[in-house]
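According to TrEMBL, the feature domain 'G-protein coupled receptors family 1 profile' maps to 43-294. Per TrEMBL, transmembrane segment is recorded for 25-50, 62-80, 100-122, 143-160, 207-228, 240-262, 274-296.
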Amino acid sequence: MPLLNASRPSPVTFLLMGIPGLEHLHVWIGIPFCSMYMVALVGNVTILAVVRAERSLHQPMFLFLCMLSVTDLVLSTSTLPRMLCLFWLGVHDIAFDACLAQMFFIHSFTAMESGFFLAMAIDRYVAICDPLRHATILTHSRVSLMGIIVVCRGVAFFSPHPILLKQLPYCRTRIIAHTYCEFMAVVKLVCMDIGATKSYSLSMASIIGSCDVILIAVSYVFILCSVFRLPSREASFKALGTCGSHVCVILVFYSTAGFSIFTHRFGKKVPAHVHIFIANMYLLVPPFLNPIVYGLRTKKIREHVLKVLRVKAP
């Protein structure tokens, strides 16, 4: 592969290589990935349609759930179709601008997903720990403001990435040893030292993730304290079951994302295929699980879906 001319500010295309060492399994890996994407697509669209149609669901919990669903749809759609083209059709090339756009959507919407997990934890904290003031604390205007802050935070911290990379010279190979245009995978192709930029990216991701995790943990500690004080054992078990499923989804997201972040900084000996496979998980599994845990396990949404299915059934 010839090296790019150092005088060119950017290449025309990059080549995504998928999962190094597992190329012979790409077709088979694509099957569960596609299945999870279809569940995420149908589940999140269903949540959006149900909440829009049912006015009784226009409450903070379901409004935050809709924001999370939109984030999941953008996050999974910005990666999975292109990834499946790589796995099943052998389409390796991706336009430089398309690569930068994909990078922006992945990193900014991952930050938004983290923010909406925090917003939903705050909503659950207020609903369980201070139920009488829930409607007055989390008004529609405040819910909208929280959503805007989460979106602006994700855009503000990660929009500099593609803008910066657009200006840098690329004098190395065009091959990206990854399944999508991850920031750290792309900067390895730059023919100048940008250690400060890499440190900024890892620091921002670490700070945002750590702050959200700490606040979510604090919220659930207070929630659990309130749950254990409930007079009814049945109500306590029900609340614990709901909180437990929510915590599992959150743990999957932050553990896989954290593994990917810290592997870049400390895990030089981690095999490339392990790192890339885990990096795919935090883009695939939460969008797949969120509609199931937050949607189907929510009684009001489940009842509305079943009612619609009964009406349409012959």
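Glycine is no exception: its Cβ is also placed from the backbone N, Cα and C atoms.
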### Query
Are the transmembrane segment (100-122) and the transmembrane segment (274-296) close enough that 3 or more Cβ pairs fall under 8 Å, when only pairs 6 or more apart in sequence count?
yes
### Query
Which residues of the same chain, at least 6 past either end of the transmembrane segment (143-160), have a Cβ under 8 Å from a Cβ in it?
60, 63-64, 67, 104, 107-112, 115-116, 118-119, 122, 204, 208
### Query
Which value does the mean pLDDT take for the domain 'G-protein coupled receptors family 1 profile' (43-294) in this predicted structure?
86
